[in-house]
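Asker: Dumping what TrEMBL says about this protein:
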| type | residues | note |
| --- | --- | --- |
| DOMAIN | 23-235 | domain 'YjeF N-terminal' |
| BINDING | ASN74, ASP145, SER181 | K(+) binding site |
| BINDING | GLY149, THR150, GLY151, LEU152, ASN153, SER154, GLU155, TYR160, ASP178, ALA280, GLY351, HIS402, ASP469 | (6S)-NADPHX binding site |
| DOMAIN | 245-528 | domain 'YjeF C-terminal' |
| BINDING | LYS439, GLY440, TYR441, ARG442, THR443, GLY468 | AMP binding site |
Amino acid sequence: MLERGKRVKDLKLASMIVTASEMGKMDRRTIEEIGIPGVVLMESAARGAASFFLEVIPDLPKRRITVVAGSGNNAGDGFVLARIFHSRGVPVRVVCLRSPGQLKGDALANFQILEKIKVPVFVWDEGKDFDAQWHWIQESDAIIDAILGTGLNSEVRGIYRKIIDGMNSLSVPVLAVDIPSGLDASTGTPLGTAVRATATATFAFPKIGHVMDPGPDYTGKLRVVDIGIPSIVAEAAQINRWWMDAHFLSGWLKPRRPDVHKGNAGHVAVLAGSRGKTGAATLICQGASRVGSGLVTLFVPFSLNPILEVKLTEAMTYPIAETDIQSPAQAALPEILNFLDGKQALAVGPGISLHPETQELVKALVQQSPCPMILDADALTIFAQDPELLKQANVPLILTPHPGEMARLIQDSPQAVQRDRLGVAAEFSRRYGVILVLKGYRTLVAAPDGRMAINGSGNPAMASGGMGDTLTGMIAGFVAQGYEPFQAACLGVYIHGAAADRYMHGVATRGLLASDILEEIPRVIGSLESDAG
Ligand SMILES: NC(=O)C1=CN([C@@H]2O[C@H](COP(=O)(O)OP(=O)(O)OC[C@H]3O[C@@H](n4cnc5c(N)ncnc54)[C@H](O)[C@@H]3O)[C@@H](O)[C@H]2O)[C@H](O)CC1
Ligand SMILES: [K+]
């Protein structure tokens, strides 16, 4: 879980997720333009890391701690940590993987202090036998990884690789400074190899590498340590990538007016369902109602109407013309368009089938709908052949693909999507001018203007049919209540996962039904409303 530093100044800033280079620029501006010396940042970083590490391993002071250091400022943080523990009488020692002669600046200054206070330092000699030196690290009860941080710039090889792999083979907790060594801070990909940390203390802001797969497997428990980067520097960085949690969304939910009524709390129209797929339509409608929409109407193929009248209570149904496979027919277009006048959102897709007539109906709706549309499931596949058609919309579009549907939309493989989730989502959103919700572990919400939100809620129990339908309805519900499409998508995505978290808290990692989370949705909304104070 992502834990916040104690002093959260600006919630939006506290939710920023940065790349290595964005962080490096903020460090440099803080030091060179604002005038906070690097050693002060280094001291703050190490002291924050020390207190977090002591929280994670309370008996740390009783352990033989080895700081394994590289050659840059990540090592510098490690040297300060060694000094902190040494000053508390902890049997700490330092193993330098590079000659101290290569150290410079703040790292060298802190290394020289270690020498003066007689902290035991061992300098690894690559010319000597590995096993004869390995005991310096092996004889540890805890290891602090200060080898590489955001300065990683190539694949880890040679002695660094051997030592990192060796550390990973020990059954000793490894506490990472800033980023597990070897993990690319900007992507979450290990470059050759990476430390599998028990916990990571990172500085100022979480990095993409901490939260995007497989980064969390290496990061372990994460704490963001506030080291005093001035908010003027963070704001000037104009980062538009955020971690989505209650902090980030707090204040987004507009208070309900006392005189609100079902006629002015948003009317969601839904086009979903075909023979054998009536459950999807049901879940969309219920998701939309549960986030607070005033009214929900489901367009349903005529012969299925009696079924949906039984399955739905709060939502109304509007029987429409159907094809020979009981899916929505093209002939339904005029009635649907006429009904949409004065409605605030149209959700389309789950279970409607790929019947040619249904495809033509959906394409016509994208061109002519008077209200924003949320496209999911079959509606996404319909556009996979020709995503350019999405540009014909005169209203905002929100697309909610899972990786397989995303792959079809970009004519590539799901593996290619998963290899670069942020890049694929951002590029598709920008190119077609749509809000793109790329579902999966750490669902992403991308906007054409470059905004990107990474979802922090949700759990593996959500891997079950119907979850996406519920989400589609929730997002449509927030659009219908007047939230800007990016915000509506963020609220839907975060609350959807948080509702699943609430329901499954302490239960299991499986067995969750999409309908189970419906009752939890207002409880999550309630906690966000109370957060807003
Ligand atoms: N975020 C902050 O406000 C602060 C961060 N600090 C720490 O500084 C490091 C970044 O330090 P930097 O000197 O830029 O780089 P590293 O220490 O991460 O790397 C050292 C050095 O390693 C070499 N290198 C790069 N890739 C490889 C490789 N594959 N194999 C071997 N060697 C490699 C390269 O020469 C690098 O320069 C940040 O993580 C924080 O820990 C500040 O101390 C406090 C403020
Ligand atoms: K590190």
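Just so it is clear, glycine is given a Cβ too, placed from its N, Cα and C backbone atoms.
Relative to the rest of the structure, where do these features sit?
Answerer: Applying an 8 A CB threshold to same-chain residues 6+ apart, the list for ASP145 (K(+) binding site) reads VAL68, GLY78, MET167, VAL174, LEU175, ALA176, VAL177, PRO180, SER181, VAL195, ALA197.
Sequence-distant contacts of ASP178 ((6S)-NADPHX binding site), defined as residues of its own chain at least six apart whose C-beta falls under 8 angstroms from its C-beta, comprise ALA45, ASN74, ASP77, GLY149, THR150, ALA185, THR200, ALA201, THR202, PHE203.
Sequence-distant neighbours of THR443 (AMP binding site): residues of the same chain at least 6 apart with a C-beta under 8 Å from its C-beta are VAL437, ILE454, ASN455, GLY458, VAL493, GLY497.
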Asker: In the three-state scheme derived from DSSP, which category covers GLY468 (AMP binding site)?
Answerer: helix
Asker: Between the Cα atoms of TYR441 (AMP binding site) and ASP469 ((6S)-NADPHX binding site), what distance do you get, rounded to the nearest Å?
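Answerer: Between the Cα atoms of TYR441 (AMP binding site) and ASP469 ((6S)-NADPHX binding site), the distance comes to 17 Å.
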Asker: Find the shortest Cα-Cα separation between LYS439 (AMP binding site) and the binding-site residues ASN153, GLU155, GLY351, ASP469, and name the residue that gives it.
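Answerer: The smallest Cα gap between LYS439 (AMP binding site) and any of the binding-site residues is with ASP469.
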Asker: List the same-chain residues at least 6 positions away in sequence whose Cβ sits under 8 Å from the Cβ of GLY151 ((6S)-NADPHX binding site), in sequence order, or say none.
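Answerer: Those within reach of GLY151 ((6S)-NADPHX binding site), by Cβ under 8 Å and sequence separation of 6 or more, are ALA20, GLY72, ASN73, ASN74.
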Asker: Give me the mean pLDDT over the domain 'YjeF N-terminal' (23-235), rounded to a whole number.
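Answerer: Across the residues of the domain 'YjeF N-terminal' (23-235) the model's pLDDT averages 97 on the 0 to 100 scale.
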Asker: Going by DSSP, give the three-state secondary structure for ASP145 (K(+) binding site).
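Answerer: Looking at the DSSP assignment, ASP145 (K(+) binding site) belongs to a strand.
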Asker: From the binding-site residues listed here (ASN74, ASP145, GLY151, ASP178), select those whose CB sits under 6 A from an atom of ligand 1.
Answerer: ASN74, GLY151, ASP178
